[in-house]
């Protein structure tokens, strides 16, 4: 007996059924990223359409629109990952007999991935010099030494740094759309404690001293209770997208090849595996840190 389709728009199904169901199965940070994809990209395109009338042609048009809009392959794959979960949920709940994504899955997965080519010693040195001139070098040195993700760095507080034990505990993250303390969530996966080199600890102590000067300058207008390691000048949380933009500007000013902030994490893995690539002395790694098995994939022999 054929399935009796209940007419419902994509927007209605997503808001009344999918988000409620999905929020119970995923982490808060993942949910927030998915909601950003929905509100800014997916719902404006599909929202008015009846769920059961969406076809592969609609999906192809959406794909082409995003490609023409200059969105990266990785971002487009994220959009379609959210769409796939929505349509599978609709099938499981009886709103669809089959979902229209079947013909698109292979196409989206075959989208060419950007080949990562790490910075050379010279390029990395140029980038860090420009970051130093802009007064933001400590954050970039920190990610190169620790391999933390951007969201994890922005959520890092001084209570996470144990100067006596020489460790850093990573337990929370700012979501990609984060603009406030409310956008910081605890990690359900990836919770870890890493060792820090003595040289990096010394730099962090100096960084903390400079931060104290800003606290005195802002006085009661400083967000003392937040205690972030890498905040805005007034102590509040940095906007994820603004730090990404800042990094892009540093890359352009340093006149080096285009990279993403996440590529610095990849550089960290390379430098753990290949100490001779290090252009400056702060990159001294203590023994005991776990090396990601994907490290060898990123190493470029020179």
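Counting begins at 1 with the first residue displayed.
Cβ from N, Cα, C; glycine included.
Those TrEMBL annotations? Automatic predictions, nothing curated.
According to TrEMBL, the protein carries these features:
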type: DOMAIN; residues: 4-91; note: domain 'Core-binding (CB)'
type: DOMAIN; residues: 114-302; note: domain 'Tyr recombinase'
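Summarised by DSSP class, the composition of the domain 'Core-binding (CB)' (4-91) is 68 helix, 2 strand, 18 coil. For the domain 'Tyr recombinase' (114-302), the model gives a mean pLDDT of 80.
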